[in-house]
Amino acid sequence: MTITETLDNYFSLTERGATIGGELRAGTASFLTLSYLLLVNPQIMAQAGVSHDDAVFATALSASIACFIVGFCANLPFGCAPGIGLSAYLAFGLVQAELCTLEEALTVCWWSGIVVIMICLSRLTVYLMKIVPQSIKYGIVVGMGLLIAMIGMVDVNMIVSDEKTLVKLGDVMGDDGTLALCLCGILLVASLLYHDVKGGILIGIAVLTLFSWTWKHTWPESIFQWPEFHNNGFLDHPLAVFDWSRAAVFLPALASFVLICIFDISGVIYGLATLGGLITPEGDIPGSFWTFIASGVGTLVAAYFGSTPIIVCVETASGVREGGRTGLTAVVIGLYFMASIFLSPLFTAVPEVATAPVLVMVGVMMMGEAAKIKWENMDEALPAFLTIILMPLTYSITNGMIFGLLSAAAFYFTTGQAFTDTMDLFKNARAACTNAGRTKDNDANEVKSEKSEKTALLDVETGTNTDSGTFS
């Protein structure tokens, strides 16, 4: 059996309409949109006291391991990496706020990985994904699209902060020309996608990267760098690190990490699976169980070496749009992350202006789910709208999901639907009890009838008259 046949059989390439070339392009596109993490995450973790080399090593190693688990076990085209929001929370919300030391914060992260694995093994994650209303699921996809597009626009200063109006349009004709180049990049990628050019997203990233390097004279000075990891002794004693008299600090932090991971991953994998057409008619996502396991295991590795919990990255939507449909895409992303341990100067040199247009176009392609929401029904429209609008405005998928679910739950009571359903439940229970009583009476009558028939038959055979008690 050839390598091609082996890969086809293992990853079900033909069954999902994928090709090896398409999976390689998808993995490459996904990694290039994620490569900024190798630069940004170490910068954030440095604020907490983790050395740059340690943070790069932790980010790349944990991401590669998580991607391998998703690829080989879940057979899904999703990339995983430490969450930037979680890194910021650890660095600024815990360590710099002096709520705990770096070692304690990383230990909380480590235990969050254990808890995520335990929750996943209990199958609670599957239940959580099933109870989310369909309108909110559609809203998650649309909200993710807006968030992805906003991330790209902010990266190139298309959207900038403003004291009076909070945000405003950036300087299109700025001195460095970054925003103008990004707008040209959006048109380039959109045109390639319009003509169904294979590898259109990857071509767009490559063209913009080379153009930016040439125009701004920012070619990478080196390609290879040998990693230097310093043994910080993190988590040598995961329980002894804690000062349990301050459990009021550790437990909320642990809950925050766990809940963000669970809700964030749930929303992202649904959105990505919808984009890739990977959801079954029953509404399930085959292999989703292993994405949570990958998050938990990756978090254990990340925390030990100096990084934060692993999540499924929404930016890998670029790879799904490029044609990624199987776990081979995730394996390719994992290989790139593994290689980045040694090639970090090259990958971190990919400019934001090259990946921002891709993120904007992915956002465009995720807007279609909005048409499936029944906007005329307020009980569906409000939760979906809050889910959509809060994701980009709060820069959080989790916030959008939480407010969407809370509004749906509140609406269930304020509209009287809860009362109606309760009354229907009582009616059904009463009807069931009545039917059960009738069935019992019918069974008793049938038994009595059978006994009468047997008695009559006995009278005929013996000549006994049971009514008079005499012989005939």
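Cβ atoms are placed via backbone N, Cα and C, with glycine included.
Among the features that TrEMBL reports, transmembrane segment is placed at 55-78 (among others).
Positions annotated as transmembrane segment by TrEMBL: 84-102 (among others).
What TrEMBL records for 109-129 (among others) is transmembrane segment.
Using a Cβ-Cβ cut-off under 8 Å and counting only residues 6 or more beyond its ends in the same chain, the transmembrane segment (135-156) has close neighbours at 36, 170, 178-179, 182, 267-268, 270-271, 274-275, 314-315, 317, 352-353, 355-360, 362-367, 369-370, 372-374, 380-381, 383-392, 395, 397, 400-401, 404-405, 408. Marked as transmembrane segment by TrEMBL: 135-156 (among others).
The transmembrane segment annotation in TrEMBL covers 177-194 (among others).
Annotation source TrEMBL lists transmembrane segment at 247-269 (among others).
For 289-314 (among others), the entry in TrEMBL reads transmembrane segment.
Among the features that TrEMBL reports, transmembrane segment is placed at 326-347 (among others).
Residues or ranges marked as transmembrane segment by TrEMBL: 383-413 (among others).
Annotation comment: TrEMBL describes 439-472 as region 'Disordered'.
Among the features that TrEMBL reports, compositional bias 'Basic and acidic residues' is placed at 439-456.
Per TrEMBL, the feature compositional bias 'Polar residues' maps to 462-472.
With a cut-off of 8 Å between Cβ atoms, the residues of this chain six or more beyond the transmembrane segment (84-102) that come close are 37, 40-41, 44-45, 47-50, 108-109, 246, 249-250, 253, 256-257, 260-261, 307-309, 311, 395-396. Sequence-distant contacts of the transmembrane segment (326-347), counting only residues of its own chain at least 6 positions beyond either end whose CB sits under 8 Å from a CB of the stretch, comprise 7, 11-13, 16, 18, 20, 23-24, 26-28, 30-32, 34-35, 38, 56-57, 60-61, 63-68, 70-81, 220-227, 287, 316, 319-320.
Long-range Cβ contacts of the transmembrane segment (289-314) within its own chain (Cβ-Cβ under 8 Å, at least 6 residues beyond either end) map to 34, 37, 41, 45, 50-51, 54-55, 57-59, 61-63, 65-67, 69-70, 73-74, 76, 78-83, 86-87, 89-90, 106-107, 109-110, 112-114, 116-117, 119-120, 123, 125-126, 144, 147-148, 229, 232, 234-235, 257, 260-262, 264-265, 268-269, 271-272, 397. Remote same-chain partners of the transmembrane segment (55-78), defined as residues 6 or more beyond its termini with a Cβ less than 8 Å from a stretch Cβ, comprise 11-12, 23, 26-27, 30, 34, 37-38, 41-42, 45-46, 227, 229, 268-269, 272-273, 276, 278, 285-291, 293-295, 297-299, 301-302, 304-307, 310, 312-313, 316, 319-320, 324-331, 333-335, 337-338, 340-341, 344.
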